[in-house]
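Feature annotations, courtesy of TrEMBL:
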TRANSMEM  20-45  transmembrane segment
TRANSMEM  57-77  transmembrane segment
TRANSMEM  89-114  transmembrane segment
TRANSMEM  165-185  transmembrane segment
TRANSMEM  213-231  transmembrane segment
TRANSMEM  276-296  transmembrane segment
TRANSMEM  326-346  transmembrane segment
TRANSMEM  358-380  transmembrane segment
TRANSMEM  407-433  transmembrane segment
TRANSMEM  445-466  transmembrane segment
TRANSMEM  478-499  transmembrane segment
Amino acid sequence: MEVESARVTTAEAASPLRKIISVASIAAGIQFGWALQLSLLTPYVQLLGIPHKWSSLIWLCGPVSGMIVQPIVGYHSDNCTSRFGRRKPFIAAGAVLVAIAVFLIGYAADFGYLMGDPKEGIKTRAIALFVLGFWILDVANNTLQGPCRALLADLSGSEHKKTRTANAFFSFFMAVGNVLGYAAGSYTNLFHMFPFTETKSCDVYCANLKTCFFISIALLVLVTIVALSYVKEKPWSPEQGKTVDGGEITDADDKPTKTPFFLELFTALKNLERPMWILLMVTALNWLAWFPFLLFDTDWMGKEVYGGTSGGTAEQVRIYDNGVRAGALGLMLNAIVLGITSLAIETLARWIGGVQRLWGLVNFVLAICLAMTVLVTKLAEAHRRNDVIMTTNGHLLPPPSGIKAGALAIFTILGIPQAITFSVPFALASIFCKTSGSDSSAGQGLSLGVLNLGIVVPQMVVSLLGGPFDALFGGGNLPAFVFGAVAAAVSGIVAITMLPSPPPGVSTKAVAGGFH
């Protein structure tokens with residue numbers, strides 16, 4: 001009996017903080033690439049010749065891979081018996097896949113040109129290579145992200161404070177990656193670092209994207225190698241129990257019964273109690289609001305605010321590119337606010353009167369900001385109709401500083417609700433599962449997979465219908481943004497009126513997360 005007690009005590013020990021920080025830093029590499037996707041890739045696919053109304057379909061791979069790949073990878077990493085450990089093989093494989101995918105995306109135009117694509121117009125072969133690389137990239141991100149979070153949970157043991165600290169560092173490094181990625185995306189001369197990136201088939205915008213991706217690969221590879229070399233994970237087998245010795249993890253639970261993944265996921269959904277169903281509903285409405293803006297925010301800056309287009313004259317393309325860069329700057333400001341807010345969530349929740357009320361109120365902030373995109377757009381259009389918008393040498397002028405400041409203010413303020421969206425749902429899911437009497441020791445991957453359904457299903461809806469919905473109302477990005485504003489308001493109402501409060505004394509920083 002004493003031996004058993006000693007074993008459990010050892011199992012619940014946590015690793016040193018320096019090991020947790022080294023693993024959490026991988027989030028910076030992951031999020032750097034994700035920030036580049038959000039800020040630059042929608043305009044890039046339109047430069048390849050894909051019409052705006054179909055460009056959202058490219059993003060369908062994100063929610064599909066998130067719904068299928070992340071829970072499957074999480075499930076198998078929970079049960080992996082590799083001699084390198086449970087999580088590390090998946091983290092390493094994900095990093096390699098990211099590098100391959102980014103290379104394909106960056107050189108899609110070059111390879112397409114070599115295979116016979118024209119310099120102008122629809123570049124069919126480049127689009128095919130881009131789509132292939134983009135799907136691989138999203139599969140790789142989901143392969144990398146889930147096991148990384150699960151490894152943090154393993155390293156934290158059963159110490160609630162260490163778990164909160166681990167996830168706070170993960171959120172912090174996500175914000176660092178966002179700031180670096182958006183800063184890189186907003187800088188127009190980055191390609192001078194690698195002059196060879198500009199080719200006959202790859203203009204300055206394309207060359208800048210290549211350079212950003214090279215930096216992204218270097219950062220991800222560096223932090224991944226450092227973390228995996230520093231943190232030792234011992235092999236796991238179902239017959240063992242879970243112990244942690246100086247940061248070296250050995251899992252030693254009682255021998256489990258092997259259950260097929262999809263049966264386990266179906267059982268988890270079937271047994272969900274009312275608080276979790278309400279949480280999934282609020283999360284789904286929340287992401288119906290967020291995803292249109294995340295898809296088309298920089299495109300909105302380039303088209304509606306700056307008045308450019310990705311498929312017009314050289315001058316229209318130039319002003320569009322300037323707008324996209326300004327959007328990337330806005331996303332960088334957004335990331336800074338997100339990082340600061342993520343450290344103050346518990347304080348804000350106490351001040352406002354509960355985490356569910358906090359989430360509801362920031363959803364109204366999201367709704368107001370999305371509605372304000374209509375005002376900024378109409379002001380920019382009125383300026384282009386009534387004022388001088390072209391210099392004597394034929395260059396289109398950007399919008400006046402007041403309109404630009406209004407647009408950037410929307411990006412910046414949205415960092416507050418985004419910080420809540422990236423943390424509170426994950427925390428509430430963990431709390432509701434524990435207080436419902438379900439097995440709180442279930443695999444990290446499976447629990448993420450259940451909540452992930454409330455994120456990826458709305459993303460699939462927006463990816464499939466967002467472009468055609470905009471086209472139905474005359475094109476542009478505003479119809480989807482207005483729809484998002486309505487969804488955000490409904491999400492806020494449901495969160496305040498129906499979402500249960502977590503039990504007193506339970507931290508809402510138990511789990512933090514992003515999305516892919």
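In case you wondered, yes, glycine gets a Cβ from its N, Cα and C as well.
Under the criterion of 3 or more C-beta pairs below 8 Å, with sequence separation of 6 or more, the transmembrane segment (326-346) and the transmembrane segment (213-231) do not qualify as touching, having fewer than 3 such pairs. Residues 282, 286, 289-290, 293, 300, 304-307, 345, 348-349, 352, 399, 403, 406-407, 410, 413-414, 416-417, 420, 424-425, 476-478, 481-482, 484-486, 488-489, 491-496, 499 of the same chain sit 6 or more residues outside the transmembrane segment (358-380) yet have a Cβ under 8 Å from a Cβ within it. Relative to the transmembrane segment (478-499), the listed stretch 276-296 leads the set 89-114, 213-231, 276-296 in CB pairs under 8 A.
Contact count against the transmembrane segment (213-231) (Cβ pairs under 8 Å) is highest for 89-114, out of 89-114, 276-296, 407-433.
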